[in-house]
Amino acid sequence: MFTSTGSSGLYKAPLSKSLLLVPSALSLLLALLLPHCQKLFVYDLHAVKNDFQIWRLICGRIICLDLKDTFCSSLLIYNFRIFERRYGSRKFASFLLGSWVLSALFDFLLVEAMQYFFGITAASNLPSGFLAPVFALFVPFYCSIPRVQVAQILGPLSITNKTLIYILGLQLFTSGSYIWIVAISGLMSGLCYNSKMFQVHQVLCIPSWMAKFFSWTLEPIFSSSEPTSEARIGMGATLDIQRQQRMELLDRQLMFSQFAQGRRQRQQQGGMINWNRLFPPLRQRQNVNYQGGRQSEPAAPPPLEVSEEQVARLMEMGFSRGDALEALRASNNDLNVATNFLLQH
């Protein structure tokens, strides 16, 4: 919506689609038709601590009771779907699960710290909903999404492809009195999980058997078909932003066309030109001898070793093993570059 995240829609993002549809529908249902049931979904840490209502840690942290929070979090989840396409549904779900669990612990710590140091009681006033993992996604968004300037205002200030996302996050951050506690706990959990602190990414993860089960049962329900009638250009808010996005698209297409042209020429001309200086080897080739008395060219270096773990990650995203191997070799084992290359083709 706001950033260049590949194809529009929810193609290759079934988990993001389910997080958009199910909690939003339940939030509307509770607000319009079942307001008397909202008390069951109140996020009340005081009741959890004193009355042992442990179930509130689950029910109170899934569905938003404020429609403004529902709207803002849905927009953010839609824009953060790029991480599901990049990492795969299993790793994306593991990140959300890990940050969701860790943020509950940080909520307790922050509430107790406020009570101890400042005498502020916030245990019964925390906002409900799937908010902490949404704030946690700002950590990989800040660290891994490149910043592209699209306009410059007031001297050093500039508008980038990430500005509107940060503004939307700020709107969600200021939508309630104590939502900043949930936001800080979400950011802290995102930092812990993204930096692999204390190996939490190995403990709080989705098992492979569970991922396969949901891929067989729920993924067909929430999967979306590949868009066919689009130019793969993000729709900017102004003509200048759209023009900048088209220029970025042309640059990417030029790079990929040069890459493909180099591959074709290398296959046709063999070893007459050492294309390995320009492009990493994609396939192992046999040495080719040319004119009888002419000394053959130096042997091409062996193909780059590819990590099977990275191949497995790309295959979990839906790519074939051959395409995954070729993209990883072409990108010198850079998983992010290989993923972006495959998503563009």
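Quick reminder: no glycine exception, Cβ is built from N, Cα and C everywhere.
What Swiss-Prot annotates here:
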- 1-35: signal peptide (SIGNAL)
- 36-91: topological domain 'Extracellular' (TOPO_DOM)
- 92-112: transmembrane segment (TRANSMEM)
- 113-125: topological domain 'Cytoplasmic' (TOPO_DOM)
- 126-146: transmembrane segment (TRANSMEM)
- 147-163: topological domain 'Extracellular' (TOPO_DOM)
- ASN161: N-linked glycosylation site (CARBOHYD)
- 164-184: transmembrane segment (TRANSMEM)
- 185-345: topological domain 'Cytoplasmic' (TOPO_DOM)
- 305-345: domain 'UBA' (DOMAIN)
DSSP residue counts for the topological domain 'Extracellular' (36-91), split into helix, strand and coil: 39 helix, 0 strand, 17 coil
Counts by DSSP class (helix H/G/I, strand E/B, coil) across the topological domain 'Extracellular' (147-163): 1 helix, 7 strand, 9 coil
Local Cβ density at ASN161 (N-linked glycosylation site) - other Cβ atoms counted within 10 Å: 22
